[in-house]
């Protein structure tokens, strides 16, 4: 038990360290619904401060982030911070109220409302943010996050080059990367896309364009060209059918299961699945200075359902970071990237100064489609041709087939950080379609409805009926090690499923094993004894997004330690699969549930009691009836005259005072408990 003087000294030390070690990064975002044409084809879309993709959050590790979101759209929204842990330094307590997941950590941000998200910039690396309300990622609410590491963080540059000049150049490049956000785009609004799936009963994977940093075009090559660029694997699977004029694949059993014969594809609107109309937009140009010697390109998988492969003409890529964490670098020519994933690559700037094409294509699983960007050497020849290693369909285009692709199964973290050798609990999840081709269950016990608990978030009542549903909710204890076994292809007659990109909110997990067939083990230890070649407990992948197999019945085993109590969504990151019910809730650390600050009470939205902005309703087609007031919160809880008058130091003290109050409340609670016992 701490004495009062000792407690005061610790609090003062904490205040001092917080002041000197981190900065406050404040963002004020207005989210609107307005016309845009990122691929040359106009439609209404989501913008943040009139930008698409949204503004980049650039900060240093452990900075305090505060993002005030004003919803001026005619529908609800939230913002999720993908890859961030929502960990706070206050009594090792997390910030689950800022996760941005309706039904879990907050209520939806309604039309005309504002919400303040506050969290630590942790962990370092490449991340992104996106909407988590319905399927509106399809409408454009997303943007990049980059968190610079501390200067003394171990780095793997010596594994790429032994030359000190190269190591120094890479050390400079990593703190000023070129962010490359890759997304897919369609002329149809998210609700129109989902309505097409529901009415047809089909799982649809067709897009109009792939965008690079929000730019691209709608290409319509001849069908013969599209057929020629279809992968051999897909040609075999499609025979005797073939791709259509959009490069989209016909519906088949591997993607529709037994519901192929009962679907109604004729109800799908023209231009969604077929009917290509070209539109010309612009392509992204990324300029690099050859005097820098090396450049870091940080790719972000913001696609909603596309499986991407990318390359840079005439340049090898050293993959050194995966989902924000360093790995033992791999030298490659191509990288396959799935929804939600991030890959940072180093490239040496030692080629002839000119333009080189960055090729971004569907890997061949859902569509024959491509996008292009330009890597431009400063002072070089513009508009010049370059030689690629993949074609329009994302397939190997070299004469000798000598293309090195990232080995996704072997991504040892750098430095090594192996998990515990044994877990305390195991949960087996049977993931499969649920009564239709486009609806899914992640648990095997039912769909997780996209609006489930939206106005009764589990954070505020972890013992509600929704929170106690054992078919859709996992409950864990703080500090315990948990194994999640994901089984696909377990239903009779449905051995094959489209790959699912599984993402657990708040932090990374280890993939310690994977194998083909049906999981029939009572424990992971039993499985390791039977199939030791399918497990790795020494250098397993450590990331926040994992991909299941497309090759038939298969399983993967994920292991993590519960260190951040709160309600977290675990779901497939294919946006249409999530909207179709592919999720579960994990209530981590149910035995030490977080104390919720007053400003994050059920209806406070980050504002102290008594300072909430007046609720105003949104209008239609990107307009609102009135402007929402922008309101900053002072330490006393009263409103300031104008948010622009709030200095960083004022807000820093605001944060510190809030933290001190929470520490004191916790200490007093501990004191009372110890005295009563």
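Any Cβ shown, glycine's included, is placed from N, Cα and C.
Feature annotations, courtesy of Swiss-Prot:
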BINDING   82, 130  Cu cation 2 binding site
BINDING   132  Cu cation 3 binding site
DOMAIN    31-150  domain 'Plastocyanin-like 1'
DOMAIN    179-379  domain 'Plastocyanin-like 2'
DOMAIN    469-588  domain 'Plastocyanin-like 3'
CARBOHYD  76  N-linked glycosylation site
CARBOHYD  228  N-linked glycosylation site
CARBOHYD  283  N-linked glycosylation site
CARBOHYD  396  N-linked glycosylation site
CARBOHYD  478  N-linked glycosylation site
CARBOHYD  520  N-linked glycosylation site
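Using CA atoms as reference points, the binding-site residues 82, 130, 132 were checked against residue 283 (N-linked glycosylation site), and the closest is 130. Residue 478 (N-linked glycosylation site) sits 26 Å from residue 132 (Cu cation 3 binding site), counting Cα to Cα. Using a 10 Å radius centred on the Cβ of residue 132 (Cu cation 3 binding site) and all shown protein chains, the other Cβ atoms total 28. DSSP assigns residue 228 (N-linked glycosylation site) to a helix in the three-state reduction. Counting only the Cα atoms, the space from residue 82 (Cu cation 2 binding site) to residue 520 (N-linked glycosylation site) is about 33 angstrom. Mapped onto DSSP helix, strand and coil, the domain 'Plastocyanin-like 1' (31-150) counts 10 helix, 56 strand, 54 coil.
The Cβ of residue 82 (Cu cation 2 binding site) has 24 other Cβ atoms within 10 Å, all protein chains considered.
Using a 10 Å Cβ-Cβ cutoff, residue 520 (N-linked glycosylation site) registers 9 neighbours. Across the structure, residue 396 (N-linked glycosylation site) and residue 228 (N-linked glycosylation site) place their CA atoms 12 angstrom apart. Candidate glycosylation sites: 76, 228, 520. Nearest to the residue listed as 'Cu cation 3 binding site' by Cα distance: 76.
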